[in-house]
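Presented below is the structure to which this report refers.
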Amino acid sequence: MIRSIFKKNSSLPYFLKRSFITKPHSIITPIINNNNHNNNNINTPIKNIQSFNFKFFTTTTTSNPIHQQTTTTTTTTPSTEQQQLSKEAEEINENITKYNITLTDSCVKELNSVQKKSDSTDIFLRVMVDMGGCSGYQYIIKVENKLQDDDVLFIRNGAKVIIDKISLEMMEGSIIDYETALMRSSFVVASNPNTIKSCGCKISFELKK
């Protein structure tokens, strides 16, 4: 395209014609030789065209292949309520490990059923040891909706069992179950390694000395 501008009869010198036959992206910058150009006479025509030196500069755009990536790390601080729930869960796990209290599947199922039928979401099965019965001690098992200060909480799949600390000294390692019988269905302490014997009703027992 640039070649077509300069015809054979053009009055421009030949070297100028060649100067314009360059790459399309070249920039032609004339450098005036101050020795041949009189700055005092601006209107004087430049006769010696060879006093112009032409330099060609090519503009190149270089892209950096390395792109810096900014990684934003979001740190979420648990709320006070979440921290409290987490702390309670840790305490419950410690209780299960420390006292080795087992809640059977039937116990969990029945206790969850009782909780669904109740208006309160806080339903606990209290198991405690009291003096009495035919063997000297007896279990008292009942459903409550309040925790006492000395209660230790055990939870499995939503079922909550509470045992006071004094009773736990005589019940460590016990298994709490729900038994269904023809005459009577109830929560029972199915096994207690701290006892010597228990009566057939599984309510009264004798402790090891």
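Here the Cβ of each residue, glycine as well, is placed from N, Cα and C on the backbone.
According to Swiss-Prot, the protein carries these features:
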type    : residues               : note
TRANSIT : 1-27                   : transit peptide
BINDING : Cys134, Cys199, Cys201 : Fe cation binding site
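The Cβ centroid of Cys134, Cys199, Cys201 marks the Fe cation site; residues of that chain outside this set whose Cβ lies within 8 Å of it are Gly133, Ser135, Ser198, Gly200, Lys202, Ile203, Ser204, given in sequence order.
For Cys199 (Fe cation binding site), the number of other Cβ atoms no farther than 10 Å from its own Cβ, over all displayed protein chains, is 13.
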